[in-house]
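A.B. asks: Dropping a structure here in structure tokens format, bear with me for questions.
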Amino acid sequence: MEAMKAYGAGLAGGQFDAQAFIRKPTVIFRIFAFVIGLLLWLWVSGGVWHRRVTGQLVCLYNYSLSTCSFGSAVGFFSVAAAAALLILDARFHTISAIQTRRRAVLVDLAVSGFMTFLFLITFFTLWSKYSSFELNEEYSGKSAKLSIFFAFVSLLSWGGASFFAWRRYQEGAGMSMPATFSANPDASLIEGGEYGYEGGNQALAGDSYQNAPFAVSNQGATENKEMPDPSSFYQGY
């Protein structure tokens with residue numbers, strides 16, 4: 001029962017639901033990140049280079065070969081990371097151990113956050129380099145501009161995935177804790193003698209036989225109390 005409440009995975013051991021999987025916000029953002037990352041990788045690899053009349057091949061990002069290589073590498077990493085996390089999401093419902101799910105969510109959060117930061121750097125780098133590029137001959141800057149746009153969309157995609165990964169981590173951390181657990185019990189419950197009764201040990205010894213009905217009544221109330229359905233808390237992140 002505890003595993004069912006861990007990090008929103010209420011279907012541990014159940015069948016894979018493709019429709020529910022596609023509707024998850026994190027999956028939607030990662031599909032966008034995968035597609036846009038692939039386009040960025042292809043565009044930077046082959047479209048942001050210009051061959052001058054002299055035959056020299058130059059990078060349209062202010063002649064910086066490292067910038068073109070960096071943009072291409074980030075696009076590739078985006079495709080690989082999005083594909084890996086999509087596979088992890090698809091297999092997440094089969095994980096029954098709470099600690100394993102927690103580690104999987106933390107990996108998701110760390111990778112998504114790192115890719116968001118990486119695309120933030122990529123977007124501003126490409127934008128800055130291209131805006132300062134000058135060439136005294138005709139060239140096409142369409143691919144370079146599209147690459148900047150793809151970097152911006154990837155930034156939004158990974159940022160959205162990071163947000164929902166954080167929401168899932170918070171949800172799981174809260175739901176895995178018993179609702180009635182308290183690390184600091186109410187001081188009013190332990191006032192009086194050593195055992196919580198006025199008169200200390202002697203009062204407890206004299207009245208101990210009178211406390212049994214209350215214990216039975218309390219047990220019955222606990223058994224009759226309707227337990228909430230853990231799956232109702234799952235937000236589908």
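Each residue, glycine too, has its Cβ placed from N, Cα and C.
It should be emphasised that the depicted structure is a prediction, and the values quoted were computed from it without experimental measurement.
If you look up TrEMBL, you'll see 21-170 marked as domain 'MARVEL'. Per TrEMBL, transmembrane segment is recorded for 27-49, 69-92, 104-127, 147-166.
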A.B. asks: Averaged over the domain 'MARVEL' (21-170), what pLDDT does the predicted model reach?
C.D. replies: 92
A.B. asks: With helix taken as DSSP H, G or I, strand as E or B and everything else coil, how many residues of the domain 'MARVEL' (21-170) land in each class?
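C.D. replies: So the counts come to 118 helix, 6 strand, 26 coil.
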A.B. asks: Could you pull out which residues elsewhere in the chain have a CB under 8 Å from any CB of the transmembrane segment (147-166), counting only those six or more residues past its ends?
C.D. replies: 25-26, 29-30, 32-33, 36-37, 39-40, 43-44, 47-48, 71, 74-75, 78, 85, 105, 108-109, 112-113, 115-116, 119-120, 122-123, 126-127, 130, 237
A.B. asks: Quick test of the contact rule: Cβ under 8 Å, at least six residues beyond the ends. What residues does that give for the transmembrane segment (69-92)?
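C.D. replies: 9, 16, 21, 24, 26-27, 30-31, 33-34, 36-45, 48, 61, 101, 104, 107-108, 111-112, 115, 118-119, 122, 125-126, 147, 150-151, 154, 158, 161.
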